[in-house]
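Peer 1: My structure is below; once you've seen it, I'll send some questions.
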Amino acid sequence: MICGAHFLCLEFHLLPLVCKLNVSLLPFSAQSCARSCGEKFNTCSCHATCESLKDCCADYKLFCLDIEPHSGSLLGGTDFKILNATFDVFHRFNSEILTEGYVDENGVGHCITPLLYESGWIPFEMSTDGVNYDRSGRWLSVHHSKLSPFYKIIFANATQWQYYGTPNVSGDLKMIWIPSLIKAERVNIELWGYNETGKAYSANWEAEWKYLYTVGRDVPNNGVFSFTPQIAEHLYSLWDLGSMRVSPSTKPDGARDVNALWSGAHAIAWHLEEAFRKDSAGWALEKCINWDKEEKAMPNFLTEITDCPCTLAQARADTGRFHTDYGCDIEAGSLCIYHPGAVHCVRAIQGSPEYGAGQQCCYDSTGAQVLTGDSIGGSTPDRGHDWGEPPYKKPPRVPGFSHWKYDVISFYYCCLWSDNCKYYFTHRPSSDCRTYRPPRAAAVLGDPHFITFDGVTFTFNGKGEYSLLHSSDYELSVQGRTEPMKFENGTVAMATRLSSVAMREKDSDVIEVRLRDQVDELQVLMNQQVLSFSEQKWIDLKGVFVFSPKPTDVTVMFPSGTGVEVRAGGGVMTLTILLPHDLQNHTQGLLGTMNDEPEDDFTSSNGVIIPLNSSAQDIFTYCAGWAIRNETSLFTYDSTHLLNEYYYAPKHDPSFIPNFSVTEDPEDPLLEPTLNLCAGEGASFCKYDALSMRSLEQGNATLLAYRSHTSTKKALEPVQSCGWLSPPNHGWKEGTLYLEGATVTFSCNSGYRLYGSQERTCQAGGKWSGQDTNHSNMSKETSLVKLTSLLIRQSCRQTESAAVIQTDLDVLALVNS
């Protein structure tokens, strides 16, 4: 069996191999799924929905392949098996191949994934004769750092590995892995190096993984290996970035695309040249200075990266644009090795427009930014985005490894192996938050209640499929499907709930999130095909990222910075949409026009505005007008129920008339506990749901969802920043908070006198009180302005010469006259 792939190219040479399938031949006239996966025919279907609709072609499973596992490291080496198809002929072959395939003793076909330079879903094809690639499937290539530790090599003491050869760091190095993931009794332990060569930002800039040498040969595959590092030959000791690999000892040294496990990228301190072991700090300084020269010759990416959120609360709430940096996660105990003093960091999800650069933002226990101007633990931007940037494959967009090449190994040179961070922070300074604008949030919750981007609240209990948000300028669409709710006895209530949300931006994959039959679980579909999060929590897709840490939570992130959060709880779905300021005045739909003018939020699809104090019936009629059409629908109809209720039926069901209000009957035994429960903000929604559904649990779920939305809005309130202040020369400052109301004080070393304000406060307009060191409104000759700026800047100057001080004052008086 031969496995081909759309990983890098389709042109490769193979020895023909014939595998006889254990299946009956289909009649010639029957429709076949060979080379037709995803197609729908008149008589049957090869589309992913065919199994639930029970109209699959007879050979669907044979040609549209399911595999297990369905994901693994982009470094390759994962052995996946092909489900639902067996082979009764087994051949091994020795040829130039893209991937390796074999058949096990049970007749099950396997493929080995190749080394890739990209993440996301990768289509592959399989052949049983080396000629006809008529079977296909898809493989999820995963950023190595996001991979579960069970599927990679783990260093027993990572610090020892990466500081080996520096003072007081020596001894044996140890690595561990799960033996069953390598199909061999004995293995080789290899070192591979990573580099990027060619002219930066040119067509010949290429990424390269290269086999360097074997550290351990033909050792037992027992999951543990230790060795005493030796200085490598000069040819190899020049490589300072790489990964360890474990592979079957039956394979040649450095054989590509074989069953293997890899470590993460690491600084290969343990094999560097003798000069490093003799004087690691001096060796690293030389490397740091060379890196400094290289950086000066490369384009400046700092001007195009986004600013950081001002507070930790903003950073965690802005889920459309920022996501947790796994190297410094407050939910995982804040083990921030590279950022001492920080408790949490986030990364900008999208790379910068031209250079694909990344942004990182770190925060301390008070929620304030940690900046490199104040601390070695400050956040740093990245020339290579840690998570890569589409279209990946080439520098500096290779997931993980471009970041190591340009941003991490240089940190070792300048900051960890030597004390020369000034070089590093010159090129990787923290971004403050002066230009950051938090997103706006809208929500749908309960059965269901709507909160628009401009804060208008209303209830709409129609049954159908509707446009929640549409922006023609950004080609962004979010649609919602509602269905009738049921009482505990199974009878239909005259109220509905949000049951599915479908969305797309430009030509991205279509993402749909819907309630599953299991209580409070969500199902995610990509282009009408179910996505599994059993192996990975984060999936890179075409024009969109999806994160699902647990079955009740899904977050979808688009390149515009739009974030869509879907949560399941209390038997209903809660939706939150976060829009960046760029979409101001560019939205329509049930969630209103985002323009800070609530009065026009009830704008119909044909432009008619109804008053905010309209009756419940008029609001119902207005909302019904936002029903979508089949031609514009993004939803999946993969069951008879969905076809009959939504595809063939009207998009807004005119026969479903809900209860527009609930009666608070003093004789109702549920009234008093409902009034006790439903108090404060969100009380009206809580009462409506508790009384209409006859359930305190339902009311409480709605109340909690409303309060959660309120907390999100509070976290995203704008915060004014005045920007970072430097300490005076020959002095120091107290205070590292630069937001409105914060005060920073300055002092001088003994023998120096402070020029400028001793205390400065960040004011509401974003300006510091006291002397402004960056601007001058004096219309004098340039030389005098420059001299004045020099004299009045925050600085400490020696005080032994009274004549010098008087001269300074005289010059200032002259300039101001």
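One-based numbering along the chain as shown.
Just so it is clear, glycine is given a Cβ too, placed from its N, Cα and C backbone atoms.
No curator has checked TrEMBL annotations; they are predicted automatically.
What TrEMBL shows for this protein is this:
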SIGNAL    1-20  signal peptide
DOMAIN    29-70  domain 'SMB'
DOMAIN    280-428  domain 'AMOP'
DOMAIN    440-634  domain 'VWFD'
DOMAIN    720-778  domain 'Sushi'
Peer 1: When secondary structure is assigned with DSSP, how many helix, strand and coil residues does the domain 'Sushi' (720-778) contain?
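Peer 2: So the domain 'Sushi' (720-778) is made up of 0 helix, 22 strand, 37 coil.
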Peer 1: Do you know the DSSP helix, strand and coil residue counts for the domain 'AMOP' (280-428)?
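Peer 2: Across the domain 'AMOP' (280-428), the residues distribute as 53 helix, 17 strand, 79 coil.
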Peer 1: When DSSP states are grouped into helix, strand and coil, how many residues of the domain 'SMB' (29-70) land in each?
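Peer 2: So the counts come to 8 helix, 7 strand, 27 coil.
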Peer 1: At a C-beta cut-off of under 8 Å, are there same-chain residues at least 6 beyond the domain 'SMB' (29-70) that contact it? List them, or none.
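Peer 2: Distant Cβ neighbours of the domain 'SMB' (29-70) are 21, 23, 78, 80-85, 111, 126, 132-140, 528-530, 532, 535, 636-640.
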Peer 1: Looking only at the domain 'VWFD' (440-634), what is the model's average confidence as pLDDT?
Peer 2: 97
